[in-house]
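Engineer: The domain 'HPP transmembrane region' annotation in TrEMBL covers 91-238. For 117-139, 151-169, 176-194, 214-238, the entry in TrEMBL reads transmembrane segment.
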Amino acid sequence: MTLLQHHRLPGIGCSNILARARSQCLAAASHAPSLPVLLHVNGSRQAHLVSRKTGINAISLSGRSRRQDLCIVAEASAAAANVTPSTPRGISVSDVLWPSAGAFLAMAVLGKMDQLMAFKGVSLTIAPLGAVCAVLFTAPDSPAAKKYNMFVAQIGCAAIGVLALSLFGPGWLARGAALSACIAFMTITGSSHPPAASLPLLFIDGPKFHNLQFWYALFPGAAGCAILCLIQEVVVYLKKNCKF
């Protein structure tokens, strides 16, 4: 038997040997558990570096996920704090008594002046001054309680009411035009004082004020605010120095 014939025998040829080894490898791989494949490139040192980088990436991803979880918890806590109503703390009896007493004194003084000026048919105890009392005595540090805002808005809005009545007459058109003009006036002059926006409506709907004409810009709004500012100074002093 020649050498060529020997290699052609079944089961002994190189092709049969390679095919059998390949089938055994595939069978072993099919039964093996699925594990991450680690390529050994240029020795074990580079393989160690690859595994190290993989570990660092895993740590960075876990750290990033932890930071995201903390951000979510912080946002949830902030939302819960905004929903929860805040209860006032540290309010003494004097903090409640002096503003209330100041409001009572203000209405008493304005009522006494009404009695003295009853023959003119006008009154100082108007609704806008009640709103001014609430601003001055409960929030004296607010923008609406600033003297500039109060007097500029009171005088300007009252004059706008007189002008709107003279142009459009009594009715919805005069009210709407006066109120929109008051908002624009307070925005342009930077004098935010919400109670002043009711002065034009009071003038348009109050026939007893029509004979005042543009004097309405000074009386009763500006004059009443001057009296209230004096009483406010007394209330602020008592709140700071007479606590109980």
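Numbering starts at 1 and runs along the chain as it is shown here.
The backbone N, Cα and C atoms fix where each Cβ goes, and this holds for glycine too.
Note that TrEMBL annotation is computational and uncurated.
Neighbours and distances for these, please.
Structural biologist: Below 8 angstroms of C-beta separation, residues 131, 135, 143-144, 148-150, 152-154, 156-157, 160-161, 163-165, 167-168, 200-201, 204 of the same chain, each at least six residues beyond the ends of the transmembrane segment (176-194), sit close to that stretch.
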Engineer: Checking distant contacts: for the transmembrane segment (117-139), what same-chain residues at least six beyond its ends satisfy Cβ-Cβ under 8 A?
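Structural biologist: For the transmembrane segment (117-139), the nonlocal Cβ contacts are 99-100, 102-103, 106-107, 110-111, 145, 150, 193-196, 198-199, 202, 208-209, 212, 219-221, 223-225, 227-229, 232, 235.
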Engineer: With a Cβ cut-off under 8 Å, give me the same-chain residues at least six positions beyond the ends of the transmembrane segment (214-238) that come close to it.
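Structural biologist: Those are 94, 98-99, 101-102, 105-106, 109-110, 113, 122-124, 126, 128-129, 132-133, 136-137, 140, 145, 147, 150-151, 154-156, 158-159, 161-162, 196, 199, 203, in sequence order.
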